[in-house]
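Asker: This is the structure I have questions about; it appears just below.
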Amino acid sequence: MAEFQRIGDGPGGDGASPGEGGILSWATRVVRSMCCGTVTVGPRVILVGRLLGEGGYAFVHEATDTETGEHLALKRIVCQTADQLDAAQHEVRLHQRLGSHPHLMPLIASAVVPSRVGGGAQDVLMLMPLARGGTLADAIRAKAAVGAHISERQVLSTLAQTASALAHLHGAGGVSHRDVKPANVLLDVGSAPAPPSSAVADWEDRLPTITLIDYGSAGPAAVRCCSRSDALRLQDEASRQCSMAYRAPELWEPPSDGGGSNGNGRGAAGGSAGDGGGSVGVLASEPAARGSDAADDDDFNPFAG
């Protein structure tokens with residue numbers, strides 16, 4: 001799936017017609033024009049706020065429950081074809097099927113409504129908790145901008161929590177995420193305790209709680225390739241659904257000898273699919289995440305929290 005881009009305040013179009021920039025640009029202007037309107041999502045009436053990010057035909061808004069005042073996030077997927085609607089509803093069903101896990105984004109409510117884009121398009125709305133800590137990609141960029149690194153303690157903690165989320169996806173859901181990358185890892189330091197030795201109460205010295213998001217690329221955890229055509233089909237699917245820089249190694253050239261792949265660096269039978277550790281291994285090797293402060297604290301447990 002396309003990486004979500006953070007959006008700054010700026011002028012929007014009137015949404016009257018596609019005009020210059022094509023239908024996607026038009027959809028962007030229309031969705032931006034929805035800010036400050038209300039929409040019903042399940043039992044909740046939601047005031048739609050500013051646009052937080054967008055990717056492809058999906059848009060994430062800050063939102064407020066008009067009854068409780070709770071601040072939330074509203075993901076809106078603009079569906080102009082039956083295939084797009086099926087894919088968006090598949091994402092909703094995955095949320096519902098996976099249930100609760102401390103490191104997976106919960107779905108509060110969902111709805112399908114006519115889109116203001118017009119032309120028979122529909123919007124799939126997904127209401128979720130609002131995470132204010134940004135993404136791991138944001139943190140990496142901020143560190144890189146000043147020539148610094150995320151601490152090794154934070155890397156280990158983040159990887160342990162990501163692995164916990166993926167284990168639940170694979171085990172309970174039988175699902176492979178297929179797009180594990182820093183932009184799909186949300187950070188929350190609000191409730192994360194600072195290490196006892198630290199006197200600084202900001203995220204630099206905390207172990208953030210992470211949440212893995214975006215099931216738009218998710219598929220079956222095990223895919224068997226019995227022929228070269230099966231392997232090429234999987235390779236083509238991966239090129240469309242998995243971000244290139246974080247694609248699991250075996251998806252670049254899937255095996256076609258009757259073995260399988262689960263899209264996360266392991267074969268369906270449990271064998272290694274490369275030395276890279278799959279998507280999580282690639283995530284761990286992000287340059288700005290490498291640090292020289294070795295996690296040599298005997299009391300440090302990366303699985304804590």
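Yeah, the Cβs are placed from backbone N, Cα and C, and that goes for glycine too.
Caution: TrEMBL annotation is automatic and unverified by curators.
According to TrEMBL, the ATP binding site annotation covers Lys75. What TrEMBL records for 9-20, 257-280 is compositional bias 'Gly residues'. Positions annotated as compositional bias 'Acidic residues' by TrEMBL: 294-305. The domain 'Protein kinase' annotation in TrEMBL covers 46-305. For 1-20, 247-305, the entry in TrEMBL reads region 'Disordered'.
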Asker: Is Lys75 (ATP binding site) helix, strand or coil when read with DSSP?
Answerer: strand
Asker: I want to check the contact list for the residue listed as 'ATP binding site': same chain, sequence separation of six or more, C-beta distance under 8 angstroms. What comes out?
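Answerer: Listed in sequence order: Ala58, Phe59, Val60, Leu125, Met126, Leu127, Met128.
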